[in-house]
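Peer 1: Take this structure first; my questions come after.
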Amino acid sequence: MLTARALVNKFNLQLVAGEEGLDRPIHNTDISRPGLEMAGYFSHYASDRIQLLGTTELSFYNLLPDEERHGRLRKLCRPDTPAIIVTRDIEPPEELVVAAKELGTPLLTSKDATTSLMSRLTTYLEHELAKTTSLHGVLVDVYGVGVLITGDSGIGKSETALELVKRGHRLVADDNVEIREITKDELIGKPPKLIEHLLEIRGLGIINVMTLFGAGSILTEKKIGLNINLENWDKNKLYDRVGLNEETLRILDTEITKKTIPVRPGRNVAVIIEVAAMNYRLNIMGINTAEEFNERLNAEILRKNEHKEENES
């Protein structure tokens, strides 16, 4: 559970009042700058957000008549308000200090500029409050692409990851991948602390990739872009031989590109995954070899049909 106390430590904030409220939970990633509330409009006050007060809000507050000041700031301090932060090292108004003490709302100060702190807070909250899940698989950084290798147990995921590491790529997680959906279409994968840097190879046991191959062979987390699903070769199944069939894997609310690779003796799966990662990067750049081949094929068929019609006439 994320609380205001964690923000104090993370962003070097100073506590002014409301210490008893430091353990209030934070559930909302949005941050408010209560300008309309300073003007007295509280009909849609987002009290469950962190409230940020900067030069603009406090300069307007100083223009208010004395009889309105205390009540205005008191309304900011709600039971579900995680914290009120005053930026730019501005001294909080005495009325706000009193209200925070009485109502137990954490009142904090920061030396940072308002916009800068708001940006950093938003990034931190999105990361910490992101939806999470875990998947059985291996996550490897291949040519800068986060490749999630999935498949049945014993199919060879870890062995493939080992081969990729030997070829200069970087291991992120083996066996269990913890995934956070930071924003829409952005999945970040990382290993559980217990098995960080470790790889399990059947018949060999558990190896420490960082110890064997060096610090350059591992990553602590990586954005997931491509899913490679390994399966035993089925001679009765028609596999995509051109690359026009687009599969996707849905993780939380995000869909990523999926490629199914049939496994059988003689196929170098690690090399295939390298090529898949490079091809994925080309697709992002707008270069699709399968579509280009299909266009050339259709053009050639059309040309031959026209030539045939001319000969018949």
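Counting begins at 1 with the first residue displayed.
Placement of Cβ uses the backbone N, Cα and C atoms for every residue, glycine included.
Straight out of Swiss-Prot:
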- His136: active site (ACT_SITE)
- Gly151, Asp152, Ser153, Gly154, Ile155, Gly156, Lys157, Ser158: ATP binding site (BINDING)
- Lys157: active site (ACT_SITE)
- Ser158, Glu200: Mg(2+) binding site (BINDING)
- Asp175: active site, proton acceptor (ACT_SITE)
- Arg241: active site (ACT_SITE)
- 262-267: region 'Important for the catalytic mechanism of dephosphorylation' (REGION)
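Please go over these features one by one and say how buried each is and what sits next to it.
Peer 2: Here His136 (active site) comes close to Thr150, Ser153, Asp175, Asn176, Val177: these same-chain residues lie at least six apart in sequence, with C-beta atoms under 8 angstroms from its C-beta.
Sequence-distant contacts of Gly154 (ATP binding site), defined as residues of its own chain at least six apart whose C-beta falls under 8 angstroms from its C-beta, comprise Arg202.
In this structure, Lys157 (ATP binding site) is part of a helix by DSSP. Lys157 (ATP binding site) counts 25 other C-beta atoms within 10 Å of its own C-beta, drawing on all protein chains shown.
Take the CB of Glu200 (Mg(2+) binding site) and look out to 10 A: across all protein chains shown you find 17 other CB atoms.
The local packing around Asp175 (active site, proton acceptor), expressed as other Cβ atoms within 10 Å of its Cβ over all shown chains, amounts to 18.
Cβ atoms under 8 Å from those of the region 'Important for the catalytic mechanism of dephosphorylation' (262-267) belong to residues 151, 155-156, 230-234, 237, 239 of the same chain, restricted to positions at least 6 beyond its ends.
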Peer 1: Quick one: among the binding-site residues Ser153, Ser158, which has the most Cβ atoms sitting within 10 Å of its own Cβ?
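Peer 2: Counting Cβ neighbours within 10 Å, the top one is Ser158.
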Peer 1: Name the secondary structure element type, per DSSP in three states, that contains Asp175 (active site, proton acceptor).
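Peer 2: DSSP assigns Asp175 (active site, proton acceptor) to coil.
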Peer 1: Other than Gly151, Asp152, Ser153, Gly154, Ile155, Gly156, Lys157, Ser158, which residues of the chain come within 8 Å of the ATP site, judged by Cβ distance to the Cβ centroid of those residues?
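Peer 2: Residues close to the ATP site, other than Gly151, Asp152, Ser153, Gly154, Ile155, Gly156, Lys157, Ser158: Leu230.
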Peer 1: Would you identify the secondary structure of Asp152 (ATP binding site) according to DSSP, in three states?
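Peer 2: In three-state terms, Asp152 (ATP binding site) counts as coil.
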Peer 1: If you skip the near sequence neighbours and keep only those at least six away, which residues in the chain come within under 8 angstroms of Gly151 (ATP binding site), Cβ to Cβ?
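Peer 2: Once residues fewer than 6 apart are set aside, Gly151 (ATP binding site) is near Gly137, Lys157, Asn229, Leu230, Glu231, Val263.
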